[in-house]
């Protein structure tokens with residue numbers, strides 16, 4: 001019986017990881033392809049946020065009808081003081097990442113974006129979510145040196161795009177650190193991914209809108225892609241293409257939350273390492289990205305640093321007796337679980353859960 005349970009659990013985990021891969025890799029290549037003919041990444045991001053908000057609203061309504069329970073609604077004080085910083089950081093992270101596709105290859109984007117681990121570590125130490133230890137120095141050196149080797153004398157290097165992604169990674173460190181703080185505040189009731197996405201999108205939209213007006217407002221208003229279109233069919237085609245990207249963005253956000261809630265943030269971290277390798281291989285095969293032997297060695301060094309960090313977090317999390325426990329989720333229709341921690345259900349008495357209990361008593365920062 002225990003073997004059947006572990007097999008089902010393994011199949012479920014593999015399935016969730018594959019769904020995450022489809023949306024994550026899919027939206028990366030889709031946005032890069034779309035940016036070749038549609039040079040308005042900030043407008044595209046704003047439209048994506050609108051679509052995510054609409055889909056989140058519909059999903060919340062369906063969940064409320066199904067369960068008969070009212071969904072959480074924050075007051076204005078909590079919304080503006082606790083959710084707004086996360087929303088603005090997330091909007092800038094996503095907006096700059098999409099903007100960089102106008103200038104750099106998918107390979108350089110993927111490699112540079114992996115440096116977000118460094119900034120997550122830095123802000124985790126600032127907010128005292130992470131305890132300093134000497135091994136972190138090794139992790140930082142490996143990732144930083146790997147990034148340097150990957151970009152050194154790269155034939156497809158673009159400084160402007162590189163700075164954009166690096167800035168996005170820096171803001172991403174703030175984003176995920178603040179997200180952990182937000183999701184661990186049980187009194188806010190934002191443990192459900194749909195509720196979190198619903199509350200974040202309006203503030204993300206307002207945070208990114210001024211940057212859009214400054215950089216793209218005038219050119220977009222005079223562009224034949226949208227406002228000065230002569231025929232209806234090109235306009236509909238553009239809107240459909242942008243809507244597909246918005247649907248992928250919604251699927252990516254939900255699949256990340258679902259993977260963490262049903263497994264752990266460690267699983268997402270490990271899956272992210274292999275996802276980056278798959279992205280680089282696909283970029284070389286499909287997009288013609290060129291990488292030298294030094295670039296590949298740099299990627300290997302960077303992956304080693306990320307893997308070391310994941311391994312260290314696993315070791316230290318298991319050594320903490322006071323690890324926080326997560327609410328039961330096996331039979332919950334609302335996925336009432338913290339974003340950045342995973343523990344086994346308190347009341348389960350199956351032999352399989354007893355054997356695997358030590359592996360699930362962990363609390364980690366999402367990478």
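Here the Cβ of each residue, glycine as well, is placed from N, Cα and C on the backbone.
Residues annotated as transmembrane segment in TrEMBL: 12-31 (among others).
If you look up TrEMBL, you'll see 15-308 marked as domain 'Sugar phosphate transporter'.
As annotated by TrEMBL, transmembrane segment applies to 37-58 (among others).
Sequence annotations record features per position, and here TrEMBL assigns transmembrane segment to 79-96 (among others). Within its own chain, the transmembrane segment (79-96) is flanked in space by residues 41-42, 45, 48-49, 164-165, 167-168, 171-172, 174-175, 178-179, 182, 185, 188, 190, 199-205, 207-208, 211, which lie at least six positions past its ends and keep a Cβ under 8 Å from the stretch.
Annotation source TrEMBL lists transmembrane segment at 102-127 (among others).
The feature transmembrane segment is assigned by TrEMBL to 134-152 (among others).
Long-range contacts of the transmembrane segment (158-178) within the same chain, counting only residues at least 6 positions beyond its ends with a Cβ under 8 Å from a Cβ of the stretch, are 85-86, 89-90, 92-94, 96-97, 99-104, 108-109, 112-113, 115-116, 118-124, 126-127, 129, 151, 365-367. Residues or ranges marked as transmembrane segment by TrEMBL: 158-178 (among others).
Under the heading transmembrane segment, TrEMBL lists 198-215 (among others).
Annotated transmembrane segment per TrEMBL: 235-254 (among others), in sequence order.
Residues annotated as transmembrane segment in TrEMBL: 266-288 (among others).
Per TrEMBL, the feature transmembrane segment maps to 294-316 (among others).
The region 'Disordered' feature in TrEMBL is assigned to 344-367.
TrEMBL lists 346-367 with the feature compositional bias 'Acidic residues'.
Using the rule of three or more Cβ pairs under 8 Å, pairs at least 6 apart in sequence, the transmembrane segment (37-58) is in contact with the transmembrane segment (198-215).
When each of 12-31, 102-127, 198-215, 235-254 is checked for Cβ pairs under 8 Å to the transmembrane segment (134-152), 102-127 comes out on top. Contact between the transmembrane segment (235-254) and the transmembrane segment (12-31) is present: at least three CB pairs lie under 8 Å, with pairs separated by 6 or more positions in sequence.
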